[in-house]
Amino acid sequence: MNKVHFALFLLVLTVLAVSGFPSENAPTGGCPLSDNVCSSYCKKNKFGNEGKCHGTICKCSIK
């Protein structure tokens, strides 16, 4: 029965990972820790010249 329980556990984890955690809520560019890390993330990936954290999301802008 242990193999069956393990298989069910993996199935539940897979379903939760796919549907339960939308990617827009994931931390990006060092947020919420530092606006400086967010700014370098934007410059490095050529998303803009400046970056600012809005919660856990790094927002890049061109100024």
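Please read every residue number as a count from 1 along the shown chain.
The backbone N, Cα and C atoms fix where each Cβ goes, and this holds for glycine too.
In Swiss-Prot, Cys60 is paired through a disulphide bond with Cys42, chosen from Cys31, Cys38, Cys42. A count of other CB atoms within 10 A of each Cβ picks out Cys58 as the most crowded of the disulfide-bonded residues Cys31, Cys42, Cys58, Cys60. Nearest Cα neighbour of Cys42 (disulfide bond) among the listed disulfide-bonded residues (Cys31, Cys53, Cys58): Cys58. Cys58 (disulfide bond) sits 6 Å from Cys31 (disulfide bond), taking the Cα positions as reference.
In this structure, the C-alpha atom of Cys53 (disulfide bond) lies 7 angstrom from that of Cys38 (disulfide bond).
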